[in-house]
Amino acid sequence: MTTPGNTCVSVRVQGAVAVLTMDRPPVNSLGYDLRVGIADALDVANANPAVQAIVLTGTARAFSAGADVTEFGTSKGAKEPNLRVVIGLLENNPKPVVGAIAGQCLGGGLELAMGCHFRVAAPDAQLGLPEVKIGLLPGAGGTQRLPRLIGLEAALNMIVSGAPVAAAKFAGTPLVDKVIDGDLTAGAIAFAEEVIERKLPAVRARDRKVTDPQAEAFLQFARNTVGAMSKHFPAPMKCLEAVAASVGQSFDKGVAVEREGFLSLMASPESKALRHVFMAERAAAKIPDLPADTALRPIKKVGVIGAGTMGGGITMNFLNAGIPVVLLEMKQEALDKGLATIRRNYENTMKKGKLKPEQVEQRMAAVTGTLSYDGFADVDLVIEAVFENMDVKKTVFETLDKVCKPGAILASNTSYLNVDTIAGFTRRPQDVVGLHFFSPANVMRLLEVVRGAKTAPDVLATSMAVAKTIKKIAVVSGVCDGFIGNRMLARYGAAAQGLLNAGALPQQIDGALQGYGMAMGPFRMGDLAGLDIGWATRKRKAAEAGVELKPSVADKLAEAGRFGQKTGAGYYRYEAGKRDPIPDPVTEQLIADYRAANGITPRKISNDEVVERCMFALVNEGARILEEGIAARASDIDIVYLNGYGFPLHRGGPMLYADTVGLANVVRALRRFAAEPGADPSWQPAPLLVRLADEGKTFN
Ligand code: NAI
């Protein structure tokens, strides 16, 4: 029978055992209706005099995957009974309760299971407390019950890492009284019957003790390790302190420490950032005007054009996913070099023990190098990664249009060029899309999926699915110069150059931004990428516009042959074979000369100003991108920056950072910059930003 008024938990009585089955698709997240359902079902089972023991179980997919994130911060999420109350009901239930666990048993789900008096589990059930990953700690008794069931060290490892562990590993501990192969429910009922028959004592986890004579020494060691590993993030240390409070103290005292830690983490900017990112990653996969059931085009074979920096990495993504690739180059030499680089990358991974020799061979066997388009007739997807030049792209796409089968997706990895123009080189613009990978393409997680004016819905949907297959996080961008990320980067770079001209040195600017949390400052990044690339682009653009290039500091460096790391000097100098940037008086003199030639009297610039200008330049361009509909939501922009540009995770992305600072404060600063004599017009605050600030709103 089903409990009245609630369809989430059914109750079935078999002999003296009541089986309570939670079924709240997809993963039994502990939303209000499930919480209330468990409480009601317990009442039903308790009221039935025939019932002497209870089994609480879920579905094959999940006992419960934890809190319902969609209820975070809503009235439903706060509605009683809360999870701690439900766990208390289980723990204090007059009839013994056996948790029967299959699939995911995570976070609040595991805390719920630990409220049962006994637990049985399928061997591969996944048990974990992943709260630390969103900057929290398990807040429903998990930090106290887990060490009481598996011991201090094992519990601490699980809670601080957040990683799930297979139930079979807990056989022999009170966390899993019995591992059940085969039919879990039948096994759980048999176990409950044994509890009744043998009158096994229903021990509450809270009444157990954490006994570990080495506890203090272990905790001291753990404090050092965790402290060193969790820079910027308070959660791991709070997890540790909460678990430490389980040693030699009452359960209630430990829970008080847990509670305090939980509430302080909940209010911390780091956890807000991590929760924002968690939701943002899920949101990015949803395309507002694309039906969720859009049929996908099958992708079984891929063609990649160009085996240079990007083409090689792109190829590896597909080989890793078991999808064969034909890789096209212009000359045998370039092809050999590209293939050799792929092999070397795999062999390096093998040397680290992460790939077996036969796997390397398997992957290399799945790539076919070619100098002709012959192998392209049956590819389902082509990704072009040739030189960033429209004429070259034109030839490639005209050829693809001729040789590829109907329905093949034709993608360009262009960084800046107009995808609609590229689509226009074919008679099938609906099949053309931008797939903008980041370097190194086999490592970086971000993929900008550039939607052209005519890109078909199923091409877009398939591109998103392909991203998932090759383990990328995809964000949809509209067509514009540089798409979301590089368009913003241009403003950020200009802000950094402006600071350099005005009085700061590369090492100060890089240091300030790295202090903020950026993985690498803009000048170190420039030296890494090569200063010749931007120089060539600027020269070409000036020539196209028929004007003379007015050299910037970057141009002066390049003119002097200082291309960055590859030539041993750029903004910094580098010792042979090393990558550490060393501040260079030659650069300082060059900057001083530039200032003198342009009538600039250098002023003292604070690190705060460096961060403010560079970040607000990003935010302002982000607002324009949002307003123009290039990005569907502010959180998509954050995902781009976090995954493609080394933006610090604990800040949650530039747009969330702006929200944290307060949009009115951002607008005030931008107006100040825009009012300076000779200021670049891009400092004018974007209309959307002004509107949101005036209305007291945020981006996210
Ligand atoms: P690259 O110069 O390292 O490689 C380009 C390769 O394409 C060369 O090996 C060249 O021989 C080959 N190629 C040129 N024309 C060809 C043709 N008609 N047929 C076959 N092969 C041809 O350049 P990279 O850096 O790999 O860039 C490729 C594309 O990816 C460009 O559009 C670039 O804007 C874009 N991109 C580059 C990123 C980077 O960090 N390098 C990041 C994201 C996108």
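Cβ atoms here come from the backbone N, Cα and C positions, even for glycine.
Each residue in the domain '3-hydroxyacyl-CoA dehydrogenase NAD binding' (301-477) has a pLDDT score, and their mean in this model is 97. If you look up TrEMBL, you'll see 301-477 marked as domain '3-hydroxyacyl-CoA dehydrogenase NAD binding'.
TrEMBL lists 482-574 (among others) with the feature domain '3-hydroxyacyl-CoA dehydrogenase C-terminal'.
If you look up TrEMBL, you'll see 610-697 (among others) marked as domain '3-hydroxyacyl-CoA dehydrogenase C-terminal'.
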How many of the residues that make up the domain '3-hydroxyacyl-CoA dehydrogenase C-terminal' (610-697) does DSSP mark as helix, as strand and as coil?
63 helix, 0 strand, 25 coil
Which residue counts does DSSP give the domain '3-hydroxyacyl-CoA dehydrogenase C-terminal' (482-574) for helix, strand and coil?
64 helix, 4 strand, 25 coil
